[in-house]
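Q: Dumping what Swiss-Prot says about this protein:
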TRANSMEM  33-69  transmembrane segment
TOPO_DOM  70-76  topological domain 'Periplasmic'
TRANSMEM  77-100  transmembrane segment
MOTIF     106-110  motif 'Selectivity filter part_1'
TRANSMEM  124-141  transmembrane segment
TRANSMEM  148-166  transmembrane segment
TRANSMEM  215-232  transmembrane segment
TOPO_DOM  233-252  topological domain 'Periplasmic'
TRANSMEM  253-281  transmembrane segment
TRANSMEM  288-309  transmembrane segment
TOPO_DOM  310-329  topological domain 'Periplasmic'
TRANSMEM  330-349  transmembrane segment
TRANSMEM  355-376  transmembrane segment
MOTIF     355-359  motif 'Selectivity filter part_3'
TOPO_DOM  377-386  topological domain 'Periplasmic'
TRANSMEM  422-438  transmembrane segment
């Protein structure tokens, strides 16, 4: 006797039942399994967006450089074209941010910190396209910005998007997926999973609600984003500096001196960032046309600088291995360092969609290498390697400015694959952090968040005062 085949209606009934079961599981906000499943989804999406963002920025840069190469033999064409192309790309980023999502300007990390405390909105339907396309414009223009800040904000917004799509209503899931997305975004930007975890625990420690569910979710998301990154980009170190020699014990005091140097520079750098932000605020006064034109001028100047001194612009990832290899003299290293300090301050403080992690890593490399090369003739018996000071300097400025020494240490070691330098890294970053704190320096991202919240309160107070007048 022939067995009866299930009818179409039976197939549909089973499919609906399965869909309802999955939906009920996910909507149990207190179920750790549901949070972990969503964390895996968030991490996977953050990894995919991170890879797409990196390749999109590289494509824009290659198209811009390729267009300039076509007219490289005609100086009267290449200089105006370099300015115009970079200016137009930058203006796209500035316009999108100012017109559609002001919170997408700058790094975006303070916005995620504010969102974790439920003090700042997360409008993912606006921020995701604006930050992605705007970042393509500003980074593609050659401005001195990094992609890590945008990736943290994109990742956090992906976390909130997933939460809204699956209608998970518990405050715990709301907070956890936002943090998971931020950690996954940093991991996808640098291929540094442990640094992504530490960044949430250390830098966002006042906002992050640490418990077993949240930390497992962060781990899950970071694992998935790292797997996605390595599928597309391979498992090699993101910054190729080669295997450097370990630092002998009798040279470790030099790394403490280097850390103290960064401990002095870190608070000064933060002060300059904030003052430069105030200057730009006075220049454009909130006017969108002035703001976009100003951004176009900055982008165009970066395009011209890229022709004269390519090492002075861009995120700095290409510069780091060249500088760490000792290919520049001490004088040239210091010149590029000063030039990049100026360009970093201008590009980041203007409110362009882009991060400051990568530019700070490049600054730390330049100053660390210069210190090491200056120390080599002073202490010939030590047989010093300037590259080890470059690696130590990379994390030291991050530690002094952002006040996240653990993140700085692990991030640099993961990016360069030089884990044998962990002891000099610890000494340098700890010295930088302690001295920066002693000098009264405040963490950069926390300070920017406080200023943003103060501005938000002032705007709300102004609206509250204006409302009664309109009603009368």
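Just so you know, glycine gets a Cβ as well, placed from its N, Cα and C.
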Q: Report, as numbers and ranges, every residue of the chain located at least six residues beyond the transmembrane segment (33-69) whose Cβ falls under 8 Å of a Cβ in that stretch; write 'none' if there are none.
A: 25-27, 78, 81-82, 85-86, 89, 132, 135-137, 139-142, 147, 150-151, 154-155, 158-159, 162-163, 166, 168, 172-173, 176-177, 180-181, 184-185, 187-189, 213, 216-218, 220-229, 232-233, 303, 307
Q: Report, as numbers and ranges, every residue of the chain located at least six residues beyond the transmembrane segment (422-438) whose Cβ falls under 8 Å of a Cβ in that stretch; write 'none' if there are none.
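A: For the transmembrane segment (422-438), the list is 247, 252, 255-260, 262-264, 266-267, 388, 391-393, 395-401, 403, 405, 408-409, 412-413.
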Q: Which sequence positions outside the transmembrane segment (77-100), separated from its termini by at least 6 residues, show Cβ-Cβ distances below 8 Å to it?
A: 60, 64, 67-68, 71, 126, 130, 133-138, 140-143, 288, 291-304, 306-307, 350-354
Q: Checking distant contacts: for the transmembrane segment (355-376), what same-chain residues at least six beyond its ends satisfy Cβ-Cβ under 8 A?
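A: Residues 107-109, 144-152, 189, 254, 258, 261-262, 265, 269, 273, 315-317, 319-320, 323-324, 326, 328-330, 333-334, 336-337, 340-341, 344, 347-348, 382, 384-398, 401-402, 412, 444 contact the transmembrane segment (355-376) from elsewhere in the chain.
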Q: Going through 124-141, 148-166, 330-349 one by one, which has the most CB pairs that fall under 8 Å from the transmembrane segment (253-281)?
A: 330-349
Q: Could you give me the DSSP helix, strand and coil counts for the topological domain 'Periplasmic' (233-252)?
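A: Across the topological domain 'Periplasmic' (233-252), the residues distribute as 5 helix, 0 strand, 15 coil.
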Q: Between 0 and 100, where does the mean pLDDT of the topological domain 'Periplasmic' (310-329) sit?
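A: Across the residues of the topological domain 'Periplasmic' (310-329) the model's pLDDT averages 88 on the 0 to 100 scale.
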Q: Reported in the order helix, strand, coil, what are the DSSP residue counts of the motif 'Selectivity filter part_1' (106-110)?
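A: Counting residues by DSSP class gives 2 helix, 1 strand, 2 coil.
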Q: What are the helix, strand and coil residue counts for the topological domain 'Periplasmic' (310-329) according to DSSP?
A: 9 helix, 0 strand, 11 coil
Q: How about long-range neighbours of the topological domain 'Periplasmic' (310-329): same chain, 6 or more residues beyond its ends, C-beta under 8 Å?
A: 139, 142-147, 238-241, 302, 336, 339-340, 343, 358-359, 361-363, 365-366, 369, 373, 386-387, 390-391, 394
